[in-house]
Amino acid sequence: MDPVPDLPESQGSFQELWETVSYPPLETLSLPTVNEPTGSWVATGDMFLLDQDLSGTFDDKIFDIPIEPVPTNEVNPPPTTVPVTTDYPGSYELELRFQKSGTAKSVTSTYSETLNKLYCQLAKTSPIEVRVSKEPPKGAILRATAVYKKTEHVADVVRRCPHHQNEDSVEHRSHLIRVEGSQLAQYFEDPYTKRQSVTVPYEPPQPGSEMTTILLSYMCNSSCMGGMNRRPILTILTLETEGLVLGRRCFEVRICACPGRDRKTEEESRQKTQPKKRKVTPNTSSSKRKKSHSSGEEEDNREVFHFEVYGRERYEFLKKINDGLELLEKESKSKNKDSGMVPSSGKKLKSN
């Protein structure tokens, strides 16, 4: 083998090396014959083409690779909406009923019809009866969702507090509402709003009953820091089929240590704040009334007004003022009556 000559480091060195390389002429190359199974070669100018139909062996769709859509900022998620909290019985006349358990301190769950509010203990079962006027479509479900009641909190997602979440080991430990007594319960979290809900298939009532009972439990107290933090919540119970809402009912929920006591306290507070209903005589137009000035003053004095007072001390103070004014009015009327007594002789009677 001849030694490689030392070439100068320049642009022309590669050209000189390439010219020294020898290769056989094209005529000496062996090409496939016509009888070979691979096909025949046909000379066309300076090119050799294989004269064979490859349609049976060549997949012409090999380059038809589906193009996956690339996510861009122009693709927006579906719009989020504020949950509806108004009742909607729908064509199936959805109704909810709660067991009557009173306000005893020993009850674990009680419902106030006056306040449309459920009071229950932490992780205690609350039976809720569901009634419809006709059989829903096959595959219908009942969905329970918790939302905050007040407008300033409605955008926040209702979740359990970190303390109670860490004590639990189930996959849906962040969910506030759970369905008990059913292996078919499913827990969901909306990918856009992050709101959580639990569903259970609708089951027709048992023979001899008009109601279907579901068992709900609430896994966090209303006063838990880092969770509800004393913010009132609502439970939205919907009857759905394939994403379509057939009916909706809402009620407020308070999770506390003593449901009976809290229900009694809030109902009494509601009664105190509501003014007593009085019969009001319709008044005619003043232009049509022909009364004396004195009779008009008497009518004004008989008119009753109501206003709310906060605080027992302030109420007692205003009550004393009102009692004093009524006493002065009574004494004034008594004096006017005595001074107005005149005998038949025209002489004024002396008052004792």
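From the backbone N, Cα and C atoms, a Cβ is placed for every residue, glycine too.
As recorded in Swiss-Prot, the features of this protein are as follows:
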DNA_BIND  87-273  DNA-binding region
MOD_RES   Ser351  phosphoserine
MOTIF     276-291  motif 'Bipartite nuclear localization signal'
SITE      Lys105  site 'Interaction with DNA'
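Per-residue confidence over the motif 'Bipartite nuclear localization signal' (276-291) averages out at a pLDDT of 54. Taken residue by residue with DSSP, Lys105 (site 'Interaction with DNA') is part of neither helix nor strand, so it is coil.
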